[in-house]
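Annotated features in TrEMBL:
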REGION    1-81  region 'Disordered'
TRANSMEM  99-119  transmembrane segment
TRANSMEM  168-188  transmembrane segment
TRANSMEM  194-216  transmembrane segment
TRANSMEM  228-248  transmembrane segment
TRANSMEM  260-282  transmembrane segment
TRANSMEM  328-350  transmembrane segment
TRANSMEM  370-390  transmembrane segment
TRANSMEM  402-421  transmembrane segment
TRANSMEM  433-456  transmembrane segment
TRANSMEM  500-522  transmembrane segment
Amino acid sequence: MAASTSYHGPAGSDDDDDAAVVGGHVVTVDDEEESASWTDGGIDLEMDSPRSRSHRGVPTFDSDASDSDGGNEAYEMQDRRRFTSEEERAVVSKFDRKLVVFVALLYMLSFLDRSNIGNARVAGMDADLAPPGQIGSGWYEWALSAFYLSYILFEWMALLWRVVPAHIYVSLLVLSWGLTASLQGVAVNYPMLVALRALLGIGEAGFTGVPFYLSFFYKREELAFRTAMFISAAPLATTFASSLAWVIMKVGEGGPIAPWRLLFLVEGFPSVLAGVVAWYVIPDSPSTAGYLTARERRVARLRLVSSSSSASQSGRGKKTGGRVRETLSVLMDPSAWLTSAIFFLTNMAYSSLPVFLPTILTAMGHSAQSAQALAAPPYFASFLIVLATAHASDATASRSPYLIVHALFSAGGYAILALTGPNGIVMLSPGSLVRYLAVYPATVGFFNVVVLTVAWTLNNQAEEGKRGLGFALMQAVGQCGPLVGTRLYPDGEGPYYERGMAVCAGAMGVVALLGVGLRVYLGWRNRRMDGEERMGEGGEEEGEALVGEEQRGALKKGFRYML
């Protein structure tokens, strides 16, 4: 019974061919052709040359439905014997330092360019752009909503990571949002700012696919910490934005350019420069990473040829019918909708507090400059705790306990803010220390939940195609959350904003409950696959009734859902 498996990657490796016997399979690596093959009796497995296949180097596996256990054993054992753990650690370390740090920098610039509008508002933007007598009439909320409306409508651009070479795609995205962010500084009225915010949303929409892109380079048990390194740039950006806004307001006082205009111009220009740099430093795949040696590029490819890798089973090479079944499988998967609901509710808080916190702090009685300074520490704390949590989550190969705890943590912070107003249990002054300190758990909690939700979604799809679709569904549903979040803090409800705080507290509480439900559901599915495994080949028909054809395919590859 024949089965074929192929891995496609760009050219560039050592000159000599290598051969070895791995678990009874003859393995040959052809360096000149950048291909590898191994055989065992009737089973032929091959890693083909990219010269005739994909130049992007995304791991690709094609196999028929009759994949045998011997074929699985071949590629599961091969990657463990072809390189040492020291070589693997060296490759991962280079990806961490060269790739993840750079895309995190890009995300920091992205988040800075989208959220600095909150700093610009308290620096005088409303007074300059709002029509006479209409300051606080809702124009600011429309500027926020315009960004997220276009962001949602162009979420499909995240799928272009599988079509356009990454270095080209990233460069175009970063250049587009950098130019648009800078142009906000020359807006003469709110309608013009609303239009620019919509264009900014289009530019940043495609960048949401970065965690999916990282899954081409990392195994599933490595992904949460790298996703955290990427997403933690958001609180770091907000810390930087608040501190920089304070400096710019100081420097711009009495100058020829209004401080808020100077803010947009200064913070948008670095993105333009980064877009140019991205063309040269973003690899399209592990095989095209110029900072790896030829040997390291081979190790980077082979380490992913495993059922435990994050990018091991691809949806490429499937016929249209297979892709339709794959899509329907994701849409019919309750876990995909549960993670989407978690992301939607978390995004209500994640999107709203960064753009409203300076306003909230000003309403608490702080000066505009003090509000900019006080907004920074909660986000810096979030940055540190996100990294620590993700490291622990990867080390324990578990997501739900951390997600649930942080969701409750965030709900508690919001609850304190909601219950210490005029209609709450205890009436505190708007600028009290207790209310300010409550911002910390609220902020730390939702940033951690975002990171864990993204990693959990990518971890729990056995195939690359399903992983991409599951991630796209989570983004499409989840990014609707900001449309609600940006409407939670109208000017008329200051300085306590009890309704907005209560809604976010409830949303994060529901996130904790959904996290419990998702863990229980995935644990149940794991137990069913365990039962199928125990039944063995003799119970194939009955086992298929237990777990279904697609889960049987995942079961053969040793896949289990991460809890």
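These residue numbers are counts, starting from 1, taken along the chain as shown.
The backbone N, Cα and C atoms fix where each Cβ goes, glycine too.
Counting Cβ pairs closer than 8 Å and at least 6 residues apart in sequence, the transmembrane segment (194-216) and the transmembrane segment (99-119) reach three or more and so form a contact. Across the candidate stretches 99-119, 328-350, 370-390, 433-456, the maximum count of CB pairs under 8 A to the transmembrane segment (260-282) is reached by 99-119. Among the listed stretches 99-119, 370-390, 433-456, 500-522, the one sharing the most Cβ pairs under 8 Å with the transmembrane segment (328-350) is 500-522.
Residues 96, 100-101, 103-105, 107-112, 115-116, 119-120, 123, 210-211, 214, 259, 262-263, 266-267, 354, 358, 369, 372-377, 379-380, 382-383, 386-387, 389-391, 443, 447, 450-451, 454-455 of the same chain, all 6+ positions outside the transmembrane segment (228-248), place their C-beta atoms under 8 angstroms from a C-beta of that stretch. Listed stretches 168-188, 370-390, 402-421, 500-522 were compared with the transmembrane segment (99-119); the greatest number of C-beta pairs under 8 angstroms is found for 168-188.
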